[in-house]
Amino acid sequence: MELDPDRLLTAAAAFPPPEGVHFAYGTAGFRADASILDCAVFRAGIVAALRSLHTSSTIGLMITASHNPIQDNGVKIADCNGDMLCQDWEPFAESLANAHNPRDVLQVILDFIHKGNFFNSAASSGRVLLGRDTRPSGVRLLNAARQGVEAILGVDAAVMGVLTTPQLHWMVRASNRGHGASEQDYYSQLSHGFKCLLEMKPPGKGLITPWDGFIVDGANGVGASKLSRLQGIVKDLKLDIRNSGGEAEGLLNELVGADYVQKERKFPRHFGHLSELAKRCASLDGDADRIVFFYGEQAEGADAMNLRLLDGDKILTLFAMFIQNQLQELCSEVHEFPAINLGVVQTAYANGASTRFLKENLGIQVALTPTGVKHLHHKAAEFDIGLYFEANGHGTVLLKEEFLQVLRTFSPKSGTEGSRRSLQRLQAISEVVNQGIGDALSVLLLVEVALQYMGWSIQDWDSIYTDLPSRQLKVKVQDRTLIKTTDAETRVTHPLNLQAAIDVEAGKVSSGRAFVRPSGTEDVVRVYAEAGTQEEADSLARAVAIHVHELAKGVGAPP
Ligand SMILES: CC(=O)N[C@H]1[C@@H](OP(=O)(O)O)O[C@H](CO)[C@@H](O)[C@@H]1O
Ligand SMILES: [Mg+2]
């Protein structure tokens, strides 16, 4: 590769940094009020371009702030396998975003290049795919990203336009594998896998009551229109899509979307009719990489509905059962089939009841990682089949390339038609799931398939285990980075004495569990508590929040 300093300096001069702002590479890239992001996005374009040269592959850059309000925006980079940017590059991305002027930008790049033997391995040409969600600021920021990419000699910026985040990740992965990588290819692959799975459903299986699809909350974001395109191709999917972002429907993420439903435990807007709420409902987030499911249950003696939430933990459990059933059918009959290592990955936010069910009822190994998809994804990739979900509905299923190869080439000597089918089903699952990152559209399809195979209503699915009551709180402190954690964020090491205080509080309630950690996306310390009753979970969360406030220099009045 060759760096053209003048080209870079001229391009960088058009994107001066905002005064007094420090950008941190958070859980998923840079996020801020859209008005101050141009410079950081331009520079993220440079990072993506260099990453493309370094890996000799196509890289992705997405303009979105996911579930955040419409005035915010952000930028995330998709790496060559379609997953999140390699973590070793995050400090570079952060230094570059915070460089004071064009000369510093050049210097940060030169230092990075020299340190990493970049010149020895880098290609001379590269390509970055650029996508954005529906935020009004997206057009301007995508242009800034394009200019950042093009500031690096030899790298092409391919503007893919409005996409969901997972679609962009999927395209990067497909393109680097030499597969068709257009948006149409994405719909074709998902719908093909879905159709095969439904066709291979064992006879007699299926919902007992007439199946009436899903009512889907599109969060007034990009997911709604993409889902309706998918619906046009997948004929067997009946959807009633609301909050599609039309003028009359409201603002992106305002009182709608997966984050709102999961955190507030409230029905999104335009889900008003009591009779409808008993049906199967789902909610996407603003960039459609998360999904949660829900339905309404008549509250006792009241003319109202309680929201019953089926979060990422329930989706994970459903998928684990479905896949385990396929493996069991296969292995019980085809004895020569190699042993398969199936594992699931959760974070400390996973409801304890889900973890217990997965371990004790299903006998599946459960790994725990820190919060953030980048951590879960890498852990899940260690298994032949690895499933991961955050409680907030972000997750997917990963099938190792070697395992897929076995599925493609294995020819069973024994076994029935059913076990042969299981082989094909596992292949079809790999077409439906997005192996780059969690994808609301593909999760919706796989949930439909799994429910049909189980013959379950949403209520049946909900009843596989009962969530332990939980509570989440936020505490403002002077400097949240002073909170240090260990053991996948389940224990605090600093400030001293805080962990001992949490242990004492957790011991006062039945089945008590609590932990605290600094948020990677907001300036708060998050508190999570779980216990045998809601009152106990609430009181445990509050007691822990008070300790955090006291021992970690809380701001304002104690909680
Ligand atoms: C408790 C919670 O929901 N945390 C979210 C949130 O991270 P924090 O680091 O907790 O702010 O945003 C992340 C990015 O979307 C997501 O991966 C994560 O699960
Ligand atoms: Mg999102």
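Yeah, the Cβs are placed from backbone N, Cα and C, and that goes for glycine too.
Same-chain residues lying 6 or more positions outside the domain 'Alpha-D-phosphohexomutase alpha/beta/alpha' (55-87) and placing a CB less than 8 Å from one of its CB atoms are 28-35, 37, 40-41, 44-45, 47-49, 93, 122-123, 126-133, 135-138, 141-142, 145, 149, 163, 165, 168-176, 219, 251-254, 257-260, 285-287, 289-290, 373-374, 377-378, 434-437. Residues or ranges marked as domain 'Alpha-D-phosphohexomutase alpha/beta/alpha' by TrEMBL: 55-87 (among others).
All protein chains included, Ser66 (active site, phosphoserine intermediate) registers 28 other Cβ atoms within 10 Å of its own Cβ. Marked as active site, phosphoserine intermediate by TrEMBL: Ser66.
Of all Cβ atoms in the shown protein chains, 32 besides its own fall within 10 Å of the Cβ of Asp289 (Mg(2+) binding site). Under the heading Mg(2+) binding site, TrEMBL lists Ser66, Asp285, Asp287, Asp289.
For 119-176 (among others), the entry in TrEMBL reads domain 'Alpha-D-phosphohexomutase alpha/beta/alpha'. In the domain 'Alpha-D-phosphohexomutase alpha/beta/alpha' (119-176), the DSSP tally of helix, strand and coil residues is 28 helix, 15 strand, 15 coil.
According to TrEMBL, the feature domain 'Phosphoacetylglucosamine mutase AMG1' maps to 181-292 (among others).
The feature domain 'Phosphoacetylglucosamine mutase AMG1' is assigned by TrEMBL to 311-456 (among others).
What TrEMBL lists as substrate binding site is Glu390, Ala391, Asn392, Arg517, Pro518, Ser519, Gly520, Thr521, Arg526. Around the Cβ of Arg526 (substrate binding site), the same chain contributes Gln472, Leu473, Lys474, Val516, Arg517, Pro518, Ser519, each under 8 angstroms and 6 or more positions distant in sequence.
The domain 'Alpha-D-phosphohexomutase C-terminal' annotation in TrEMBL covers 492-545.
Taken in sequence order, the recorded positions Ser66, Asn392, Pro518 that lie near ligand 2, meaning a CB under 6 Å from one of its atoms, are Ser66. In the predicted model, the domain 'Phosphoacetylglucosamine mutase AMG1' (311-456) has a mean pLDDT of 93.
Neighbour density around each Cβ, counted as other Cβ atoms within 10 Å, peaks among the binding-site residues Pro518, Gly520 at Pro518.
Close contacts with ligand 1, defined as a Cβ under 6 Å from any of its atoms, occur at Glu390, Asn392, Gly520 among the binding-site residues Asp287, Asp289, Glu390, Asn392, Pro518, Gly520. Cβ packing within 10 Å was compared across the binding-site residues Asp285, Glu390, and the lowest neighbour count falls to Glu390. Of all the Cβ atoms in the protein chains shown, 23 others lie within 10 Å of the Cβ of Asn392 (substrate binding site).
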